[in-house]
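**Student:** Supplied in C-alpha cells, the structure appears directly below.
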Amino acid sequence: MDIKDFKSGSLKQGYKYQYFMPEKINHDFSWEDPSINTLLEKASFHLGALNSFSSLVPDADMFIIMHIFKEAVISNRIEGTRTNIEEALNEQENLDPEKRDDWQEVHNYVKAMNNAIQELEKLPLSNRLIKNTHKILLSAGRGEHKSPGEFRISQNWIGGTSLSDAVFIPPAHEELPELLSDFELFLNNANINIPHLIRIAIAHYQFETIHPFLDGNGRIGRLLISLYLVHSKVLQKPLLYLSDFFEKNKTLYYDNLTFVRTKNDMSQWIKYFLEGVSQTAENSAQTLKKIIELKTDLEKNKLLSLGKRTKTANEFLYFLFHSPVITSTALQKEMKITAKTANSLIDAFIGLNILKERTGYSRNRIFVFDKYVELFM
C-alpha cells in the first residue's frame, strides 16, 4: 500500500458515543515522497554513528542507566510529573513528601525498561512482553489501581473529563484482541519489507491510537520505540530515547498523531518521527563524547593529584558514574569502606570540584556529581 493511500480508520457507534476504529497495519507500505527517503537516510546515518561510537567507548554499559533515567524523567514529565533527574537519582526518603509519588513513577519506568531489555533475550517483542512491562510500570504509586499488566475491559478516552467531551475516544475494548494481534504481527512480520525506523513509526502511531491500557499508554508507547530498535538490532545498545524530542516538540507530536487519524496523513507523522530519531541519535552520540572527555579529564588532571589514594579515587569515580547522587552511608556500603575513609574521599572530591554538597547541612548530607548530571539535563 502506498502511504498516501492509507486510510487510518473510521468512527463506529458505541453506547451513546462514537469511538475510532483504526485500520489494521500488518501489510506492506510504500511511498513516493522523496523527503521520506532523505530523512530516512539522515536518521540511519546518525544511528550508525551512535552505534559505532558506543562500540568504541570503554564501559559504555556504565552510562546506559543515566540515559534510561533521563528518558524516564522526561517520559513521565510528558504525563504531568515534575521530578527532575537529580531528584530521581536521589533516595526517595531524602525528598519532600509531595515529590515522592513522582519519584516512584520515574523509578517504575526505569525498572520496567530494564526488565523489558532483559526479557527480550528470551521473549519476542510481543503483547505478553508489553503487558509484563506495563505491570512493572504501574506496580506502585498512582497507577497501581489501573489494572497493571492487563489490557482494558472498559472504554477509555483522551482529553476532556468524560466520554461526552473527550478529544479522542480509542476503539472499544471488544475490538482490542483483533487489533493487538495485528499490531504484534506487524512488529514481527519478516515478510513485510519496510525499514525498521518506518515500521516502528507506524507501530507507535497504532499503539497510541489503540490505547490498550487504562493508564500508562503514552509511557509504554514511547518505551516500545527503544525496545523495538534494540530487538531489531538497529541499536547495539539501548542509548536512543525519543521522549526528549517529543516533549520539546509536544504540540507537533500530538498534532501529527491526530492528523493521521483525521486526515489520513501518515507521511507527515513518519517525517516528524524520522527527524526525531536523527536529532536524538546525534545528541546521544555527543553526550557519549562529552562523558568520555569528562572521565578522561578527571582521571588525568584531577585524580592523579591524590597520590597514594589515586587507585581508591578511581574506584570512587567509577561508582559515581553509576550513582552520581550519593551519601556517605551509600558510599560506605558500596565500596565496603569505613565512614572515615568515605568522608575523606568525599572531601577530596569536593576539593577537586568533582562533587557538590546540596543540603547545606552538617549531617545527612547529599553530594552530587554535578558535571555528569548536567550532561543529561
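Any Cβ shown, glycine's included, is placed from N, Cα and C.
What TrEMBL shows for this protein is this:
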| type | residues | note |
| --- | --- | --- |
| BINDING | Glu79, His211, Asp215, Gly216, Asn217, Gly218, Arg219, Ile220, Gly221, Arg222, Tyr253 | ATP binding site |
| DOMAIN | 125-275 | domain 'Fido' |
| ACT_SITE | His211 | active site |
**Student:** Give me the Cα-Cα distance between Gly221 (ATP binding site) and His211 (active site), rounded to a whole Å.
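**Tutor:** Gly221 (ATP binding site) and His211 (active site) have their Cα atoms 9 Å apart.
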**Student:** Looking at the domain 'Fido' (125-275) alone, can you tell me the average pLDDT?
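**Tutor:** When the pLDDT values over the domain 'Fido' (125-275) are averaged, the result is 96.
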**Student:** Please state how far apart, in Å and to a whole number, the two most distant Cα atoms are among Glu79, His211, Asp215, Gly216, Asn217, Gly218, Arg219, Ile220, Gly221, Arg222, Tyr253, the recorded ATP-binding residues.
**Tutor:** 19
**Student:** Between Arg219 (ATP binding site) and His211 (active site), how many Å separate their Cα atoms?
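**Tutor:** Their Cα atoms are separated by 11 Å.
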**Student:** Of all the binding-site residues given, Glu79, Asp215, which residue's CB has the most CB neighbours within 10 A?
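**Tutor:** Most Cβ neighbours within 10 Å: Asp215.
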**Student:** Near His211 (active site), which residues of its chain come within a Cβ-Cβ distance under 8 Å, counting only those 6 or more away in sequence?
**Tutor:** Asn156, Ile158, Pro170, Pro171, Asn217
**Student:** Using Cβ-Cβ distances, find the residues under 8 Å from Tyr253 (ATP binding site) that belong to the same chain and are at least 6 apart in sequence, listing them in sequence order.
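**Tutor:** The list for Tyr253 (ATP binding site) reads Phe246, Tyr272, given in order along the sequence.
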**Student:** What kind of secondary structure is Tyr253 (ATP binding site) part of, going by DSSP in three states?
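**Tutor:** In three-state terms, Tyr253 (ATP binding site) counts as helix.
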**Student:** For a quick check of understanding: among the binding-site residues Asn217, Arg219, Gly221, which residue's Cβ has the most other Cβ atoms within 10 Å?
**Tutor:** Arg219
